[in-house]
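Comments concern the structure below.
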Amino acid sequence: MSGVSEPLSRVKLGTLRRPEGPAEPMVVVPVDVEKEDVRILKVCFYSNSFNPGKNFKLVKCTVQTEIREIITSILLSGRIGPNIRLAECYGLRLKHMKSDEIHWLHPQMTVGEVQDKYECLHVEAEWRYDLQIRYLPEDFMESLKEDRTTLLYFYQQLRNDYMQRYASKVSEGMALQLGCLELRRFFKDMPHNALDKKSNFELLEKEVGLDLFFPKQMQENLKPKQFRKMIQQTFQQYASLREEECVMKFFNTLAGFANIDQETYRCELIQGWNITVDLVIGPKGIRQLTSQDAKPTCLAEFKQIRSIRCLPLEEGQAVLQLGIEGAPQALSIKTSSLAEAENMADLIDGYCRLQGEHQGSLIIHPRKDGEKRNSLPQIPMLNLEARRSHLSESCSIESDIYAEIPDETLRRPGGPQYGIAREDVVLNRILGEGFFGEVYEGVYTNHKGEKINVAVKTCKKDCTLDNKEKFMSEAVIMKNLDHPHIVKLIGIIEEEPTWIIMELYPYGELGHYLERNKNSLKVLTLVLYSLQICKAMAYLESINCVHRDIAVRNILVASPECVKLGDFGLSRYIEDEDYYKASVTRLPIKWMSPESINFRRFTTASDVWMFAVCMWEILSFGKQPFFWLENKDVIGVLEKGDRLPKPDLCPPVLYTLMTRCWDYDPSDRPRFTELVCSLSDVYQMEKDIAMEQERNARYRTPKILEPTAFQEPPPKPSRPKYRPPPQTNLLAPKLQFQVPEGLCASSPTLTSPMEYPSPVNSLHTPPLHRHNVFKRHSMREEDFIQPSSREEAQQLWEAEKVKMRQILDKQQKQMVEDYQWLRQEEKSLDPMVYMNDKSPLTPEKEVGYLEFTGPPQKPPRLGAQSIQPTANLDRTDDLVYLNVMELVRAVLELKNELCQLPPEGYVVVVKNVGLTLRKLIGSVDDLLPSLPSSSRTEIEGTQKLLNKDLAELINKMRLAQQNAVTSLSEECKRQMLTASHTLAVDAKNLLDAVDQAKVLANLAHPPAE
């Protein structure tokens, strides 16, 4: 390939034609450029070709090459089609394949800037450059008719988005229409009745595939014959359409379901207060949508925009400011991330170039430090007398030399006014006494004449100026807060005596409410309270505010289903630093994190610690944390690694979440946004459990007494084994899934050799078929004895009956002998050998037995975990033992079903394991008071270990879901199985610890003979 004669930056973006001759245009690379600065970008685009090699183009460029030069190079190459008239509609998208992270690249960006800003965030091979049509003319359907290449490219792009995002959501009728339109367009030369022939339709199914045209879900829901007939009938409606007509019909049909010519962003408009809206950006301008049923409201047209600016905020958020002609102030839009703001800025700037008269960019980039020093903000022009009055008011009482110059830019005249008249508030009874003064119940009459029940915090008259400022600091913070689970501030009276008026909640403090109603409150409600407070803390986290006093005494109950966080007396903003260092003041030591106790350092991470302690209070029905310790001893306990014990009713998953919040390293604690998601999952799980229990109680079926289930005799030791062909396994040769031998030894019916192969010979399991096990000889017709009379027939029937009774007696006797042999061998054999015995339960032939001379030799096990057999005790009414059995069954079910389940189905089997573990720990907690105190430490430690095992299993499950479509899928599944096996082993260890404690307490009994 050779370069064009002049740089592509000089080529006008008008009608682009492919140059004459075989040469293909490329970005010009100067001769003196070093090799390190030269790059080859692989840019993908859409086409009709099934050949992946024709759907991308390699572009050679340098780090100084601009994105618009790369776009122009592809359009000039003719790879997507000839005679492109609407080159301004195209843009370049950078997409991360694993996380779906998207960055729209501005035409003026250079390759080096893209590399430094975006590509360095992930591995280079995980990024993909896509050529997309992003900016559409106002009447795009008519405009695209003049540019056939752009029309077909936009159709391919839109159809690709439809198959990936909308195909499974539209109705069957619409999916059928859109699929037949593509079928007609794709096979434009096919006769209208071609699909009526069965051979043609089968050729379409086998050679091309219906997945290219119709969603897979639709094909699975319909019968093949019915689906074929529907396609034939619908295709007849579009058989006479030409290619362009099919495209236009596709646009019009899909437009009834999705917006094909605009992009929608969920963001907040900053207009004195924040309004959450859907911002719609398309050819008609920038519009806002407050609800799905409402009509969009126009905020600005692209011709009115004069500047675009992106400003980063804390916690990854950003503000997009649009300077609009004739508007007194910029339109400010708050987004969840800087990348989203930049994508919106590129979209708006592209439409301004397309519809405006200028070709330049309206985006104003942040200035460098040197530029900032050369430009100072304008001095505010205030009235001289006003400035003098401010200076006189701000003078210090003790000095006439220093004065504070007020910052006029911080004044917000448009904000809500919280000053109210004292005569509008009537005080009633005293609710309690705080650090600064009494708290009263009262009634406030607003300007509309409405009476509102309020709580009034008062400040003592003899309070010092410093304490008064601390008292008022709570109101200063609360007036900026607006959240459904944060106490609402009504107003402030700053004159002496100072009052802070807040909403009154009739149920009072959460701590007292929990104590009064602990017999009626359910775990589901307690988890709901924790979730609501977590949402409030996530809101405080988003505005860089630390609370520093999260406890049930500072939470008010608005209703039995709603709580609100209050008491912001210790709250502080952390704007300049990421932490707040407290001065000498009274602090809640038993709720605080180690770094807060040691260094008076308060961050969002320390609030996470306190929130977990508050959750512990809620699940303990208002008990004070570390009530058995004095304040001075708390830090020593925390430094040793001890934490608050699990409350009795606390779900294991929730306690695991608490322990994560109590990590000594603040950086390892989860953020509140993550905790909201985790608590939502726990709440949904508890809700499902409650609904299931209610359903079982409502529709409980009567118990039916059934006879004891017949169990087949266990395999005898002398039966020979065979070696069939190897059996494939999800675990692969690298990972062997082991069932604890002790569990199998103490419960032979837990797992049968036929169903769960052991790791020793799981690759050599004999195929066991029911028709082979219970095989009997057939008889010819002449073998039957023909009775000559009715009496003879009766005698033959009696003889057959006696014979069958003898056979049954013999089998029953053998079964008793086999059972006695099994109980004897359990004591001498290694339990794993019994579990791994793969001999069939009943051989095909009862001959050829080898003489039994002793127990079979234990096969070698490399790297297996040594597990002692479980104690041989009486397991009647032993709930711990039964729950351990259930847990192992749940783990085995996970192991067997993991390879068949889709990624979203992993949650079901893991949830089953979690629920079973919860029952196990609950049964241990019920038994714990009757066990010796010397054994409780080991049992509680094993319980904590099981909670950590479950958390690890959940983490591995999420990892497996994230990598379901990558090459790491099998490895993640193996890690998930390893975590589940560890959980089963630790459950067996818990059973052993409980058995030992029961023996010490004389609660264990040998099994009855």
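A Cβ is built for glycine as well, from the same backbone N, Cα and C atoms used for every other residue.
The domain 'FERM' feature in Swiss-Prot is assigned to 39-359; the stated evidence is sequence analysis.
What Swiss-Prot lists as phosphoserine is S361 (among others). Long-range neighbours of S361 (phosphoserine) (same chain, six or more residues apart, CB within less than 8 Å of its CB): H106, P107, Q108, D349, R353.
Residues or ranges marked as phosphoserine in Swiss-Prot: S375 (among others).
The annotation phosphoserine is assigned in Swiss-Prot to S399 (among others) on the grounds of a large-scale study or a structure entry.
Swiss-Prot lists Y402 (among others) with the feature phosphotyrosine, giving experimental evidence as the kind of evidence.
Sequence annotations record features per position, and here Swiss-Prot assigns domain 'Protein kinase' to 425-683.
What Swiss-Prot lists as ATP binding site is 431-439, K457, 503-509. L431 (ATP binding site): 17 other CB atoms within 10 A of its CB, across all protein chains.
Look at Swiss-Prot and you will find D549 tagged as active site, proton acceptor. DSSP assigns D549 (active site, proton acceptor) to coil in the three-state reduction, placing it in neither a helix nor a strand.
Per Swiss-Prot, phosphotyrosine is recorded for Y579 (among others), and the stated evidence type is similarity to another entry.
Residues or ranges marked as phosphotyrosine by Swiss-Prot: Y580 (among others).
The phosphotyrosine annotation in Swiss-Prot covers Y722 (among others).
What Swiss-Prot records for S762 (among others) is phosphoserine, and it gives a large-scale study or a structure entry as the kind of evidence.
For T765 (among others), the entry in Swiss-Prot reads phosphothreonine.
Residues annotated as phosphotyrosine in Swiss-Prot, with a large-scale study or a structure entry given as evidence: Y819 (among others). Y819 (phosphotyrosine) falls within a helical segment according to DSSP.
Taken from Swiss-Prot, the feature phosphotyrosine covers Y834 (among others).
Look at Swiss-Prot and you will find S839 (among others) tagged as phosphoserine.
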Check: Within the region 'Focal adhesion targeting (FAT)' (868-1009), how many residues are helix, strand or coil going by DSSP?
Finding: 109 helix, 0 strand, 33 coil
Notebook entry, point to check: Taking just the CA atoms, what is the gap between G437 (ATP binding site) and D549 (active site, proton acceptor) in Å?
Noted result: 18
Notebook entry, point to check: When neighbour density is defined as the number of other C-beta atoms within 10 angstroms of a residue's C-beta, which of the recorded positions Y505, Y819, Y881 has the lowest density?
Noted result: Y819
Check: Can you tell me the three-state DSSP label for G508 (ATP binding site)?
Finding: coil
Check: Among the binding-site residues G437, G508, which residue has the largest number of other Cβ atoms within 10 Å of its own Cβ?
Finding: G437
Item checked: Rounded Cα separation (Å) that holds between L431 (ATP binding site) and D549 (active site, proton acceptor) -> 20
Check: Distance between K457 (ATP binding site) and Y881 (phosphotyrosine) at the Cα atoms, whole Å?
Finding: 56
Note to self: If I take every residue in the domain 'FERM' (39-359) and average their pLDDT values, what number comes out?
What the structure shows: 87
Margin query: What does the structure give for the C-alpha distance between Y505 (ATP binding site) and D549 (active site, proton acceptor)? Integer Å is fine.
Written below: 20
Notebook entry, point to check: Between Y881 (phosphotyrosine) and Y819 (phosphotyrosine), what is the CA-CA distance rounded to a whole number of Å?
Noted result: 21
